[in-house]
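Asker: Quick paste of what TrEMBL says about this protein:
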ACT_SITE  ASP168  active site, proton acceptor
BINDING   GLY27, ARG90, CYS91, GLY120, ASP121, GLY122, SER123  ATP binding site
BINDING   ASP121  Mg(2+) binding site
BINDING   SER166, ILE167, ASP168, ARG203, MET210, GLY211, ARG212, GLU266, ARG294, HIS300, VAL301, GLN302, ARG303  substrate binding site
BINDING   ARG472, 529-533, ARG567, 574-576, GLU635, ARG661, 667-670, ARG741  beta-D-fructose 2,6-bisphosphate binding site
DOMAIN    20-325  domain 'Phosphofructokinase'
DOMAIN    403-692  domain 'Phosphofructokinase'
REGION    1-392  region 'N-terminal catalytic PFK domain 1'
REGION    403-789  region 'C-terminal regulatory PFK domain 2'
Amino acid sequence: MANINTAGVDPTKMGVGRAIAVLTSGGDAQGMNAAVRATVRVGLYTGAKVFFVHEGYQGLVDGGDHIRPATWESVSMMLQLGGTVIGSARCKDFQTREGRLKAAFNLVKLGVTNLCVIGGDGSLTGANMFRTEWSDLLKDLISKGKITKEEAKTSSHLNIVGMVGSIDNDFCGTDMTIGTDSALHRIIEVVDSITTTAQSHQRAFILEVMGRHCGYLALVTALACGADWVFIPEMPPDDGWEDHLCRRLTETRKAGSRLNVIIVAEGAINKEGKPITCDQLKDLVTKRLGYDTRATTLGHVQRGGTPSAFDRVLGSRMGVEAVMALLEATPETPACVVSLSGNQAVRLPLMECVQVTKDVTVAMNEGRFDDAVKLRGRSFENNWNTYKLLAHVRPPETKSNINVAILNVGAPCAGMNAAVRAAVRIGIIQGHNMLAVHDGFEGLAEEKIEPITWNTVGDWTGKGGSELGTKRVLPGKYMEEISLNIAKYNIHALVIIGGFEAFSGALEMVQGRGKYEELCIPMVIIPATVSNNVPGSDFSIGADTALNTITTTCDRIKQSAAGTKRRVFIIETMGGYCGYLATMAGLSAGADAAYIYEERFGIRDLEVTNNSNVIRITDITQIRHLSTNMSCRNENCNSNYTTDFIFNLYSEEGKGVFDCRKNVLGHMQQGGTPTPFDRNFATKMGAKAVLWLTEKLKECYRHGRIFANTPDSACVLGMRKRGLVLQPLAELKEETDFEHRIPKNQWWLKLRPIMKILAKYQISLDTSEHALMEHVISKKPPVHMTLTK
């Protein structure tokens, strides 16, 4: 997280005497309300006045009741709502100087000199134009007698900060725009539903998703569902693609598949720039292959529905960062956009981002499609390269004679199967023989080992749980049997997918190398656990699915209690000693507190939360806006302050004021189909793991055999800040609290103050860190993104 201001400044006084206006413009996107909510509450926290601008720029031009003061309670029930509660509208008036003059007058009269705009590149470009003209607009208003010189002096400079709200993810400079993840949820829900009916009738389905100028939604959907083909505007298919497509569909059917899925972005084109449409593809497949083919255009269903947990957290983080950027801005600071790079909040010059976004369109118009993909950013390029590897490359005729074994270890989680599928298919493409190990390390000891083929894993991307089977058993007591089986099956490398047990088990395997030479083979650990507690990675496969399950459950609980408004809920989440799920669920569901092991708490903290519940429920100004009071509790946060204890405490203290209920969510958090994030993340992790093993095997090949005993031959593959990195187990050992099965340093702890401030805690926010302005345009041509994922 990028924090607030220079050390020594009281953050609760930063905004005193200042006013902030927030508006949403252009197409709506799920998560906009989370951004509005955070902007309002953090603005009020700093002492600033905050105003809603209803109906976007039109409301800014029209003024009057369209610009209203925002209060803490007025955003109380926004978080779980899709769309934008304050409205959005296309505004031609703002495109004229006369319209912008009216908008300037309305802001000056209210003393607003800080404008937060949530929208796409057109909306943000308009905001920058408004800022550039501000001084001239004030002069015109003075000359016309509409404002005084004193008013103009008070409002001499307009600060602009943008947040990108767009389901298309078409804004360069950020890995994810607000609304993209939720749109992917809607798409994948439809794809999963269509898949079942397509299999029943052996049909081919063609799905058109949004993306007039950007193929991100189509590309990630194709990765997440294992589509046979994807058409995107940034990379038109080569000439003769019709023959290639039909050949590929035929091969898939001959291999035993009962369906075909083709994903088309609405802006898909061929090399000549002519559209490729669903109907055109349907006619092609029907006439050439005779397949029963259906076409579906998803349309605005992609914009609808409740925001995903990711978009709620993203919107909240961006809202906090936007307020801080506004209050820290000087007249010399360029208008900026707050965005996401990896898991880092960053500030970028707005017009640089707009320029690179326009450069993509220019590149496509000029037929420079490779440049267009690069300009979209490293994340987009990685997705495209991974898709090409998995979908379009045929396995080589010559084999490598390398045997790679894959096993799942620890508790099951959604996304494990997607990682296995990617690893198996990339391995086969590399010419390796892939082996499946059932039931983890125990299966490796008991010879539960068999070949696994390209077609075996064909439909695994969307399956929850673990198809290979998984156990928590560590390898220590089976070391001799494991070493014998590694030799018997001539295993040259291991892919271990799992949670803390995978990490601990791999460490035991490395320690056993001194005694058992057969263990001197490259190993890679892919973190996969709902707890998100594996050292070496900021995210684990499965955690996003679990978080969405918790968030959805909390939404339903809040809805069930909305009628009484006098009820307090305690929600117990999984995670072992790791408080990630409890904290992020608290942030995404709008909880009042999240009790975790990493942040010690006592009876006085419980008393503060209880008193807050009483105040909110008895205050008539708050009760009208209150949905329900809710606290999240990590399962192992404290051995004495258990869920039952807190329930009994609140029940006793709340007598006559509120009822208390408790919900232990349990193993439902490990189930379900993986979210789009987990499918995509797992696919990229599985692919990168095997590609790394392939290179490592070349390094370790000596005297006709594989021998790997250096520290960097056993690594954890993880997401660290802005990219996928491999870290030796030996290094990570020093960063691990083995007693409590958590890393010693966890990035998400810095998000806890945001959760508390948004829940109206009277706390101080750490102001020791800055999100510095970064550049998107490199200083040497050609233009490339500097952001990675």
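Count begins at 1; order follows the chain as displayed.
In case you wondered, yes, glycine gets a Cβ from its N, Cα and C as well.
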Asker: Check the Cα distances from ASP121 (ATP binding site) to each of the binding-site residues SER166, MET210, SER531, GLN670 and keep only the ones within 10 Å.
Answerer: SER166
Asker: Of the binding-site residues SER166, VAL301, SER531, ARG567, HIS667, which one has its Cα closest to the Cα of CYS91 (ATP binding site)?
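Answerer: Minimum Cα distance from CYS91 (ATP binding site) across SER166, VAL301, SER531, ARG567, HIS667 lands on SER166.
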Asker: How many whole Å apart are the CA atoms of SER123 (ATP binding site) and HIS667 (beta-D-fructose 2,6-bisphosphate binding site)?
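Answerer: Answer for this pair: 44 Å between alpha carbons.
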Asker: Are there residues of the same chain, six or more positions away from MET210 (substrate binding site), whose CB falls under 8 angstroms from its CB, and which are they?
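Answerer: Listed in sequence order: ILE167, ASP168, ALA183, LEU217, ALA265, GLU266, LEU298, GLY299, GLN302, ARG303.
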Asker: Suppose we draw a 10 Å sphere around the Cβ of CYS91 (ATP binding site). How many other Cβ atoms does it contain, all chains included?
Answerer: 22
Asker: Among all protein chains shown, how many Cβ atoms are found within 10 Å of the Cβ of SER123 (ATP binding site), not counting that one?
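Answerer: So the number of other Cβ atoms within 10 Å of SER123 (ATP binding site) is 25.
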Asker: Nearest to SER531 (beta-D-fructose 2,6-bisphosphate binding site) by Cα distance: which of the binding-site residues SER166, ARG212, ARG294 is it?
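Answerer: Closest by Cα distance to SER531 (beta-D-fructose 2,6-bisphosphate binding site) among the binding-site residues SER166, ARG212, ARG294: SER166.
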Asker: Taking the residues GLY27, ARG90, CYS91, GLY120, ASP121, GLY122, SER123 listed for ATP, what is the greatest CA to CA distance in Å, to the nearest whole number?
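Answerer: Greatest Cα-Cα span of the listed binding residues: 14 Å.
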Asker: Could you say which of the recorded positions ASP121, ASP168 has its Cβ with the most other Cβ atoms inside 10 Å?
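Answerer: Ranked by Cβ atoms within 10 Å, first place goes to ASP168.
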Asker: Closest to HIS667 (beta-D-fructose 2,6-bisphosphate binding site): which of the binding-site residues GLY27, ARG90, SER166, ARG212, ARG294, going by Cα position?
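Answerer: Among GLY27, ARG90, SER166, ARG212, ARG294, SER166.
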Asker: Which of these binding-site residues is closest to GLN670 (beta-D-fructose 2,6-bisphosphate binding site) if you go by CA atoms: ARG90, GLY122, SER166, ARG212?
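Answerer: Nearest listed residue in space: SER166.
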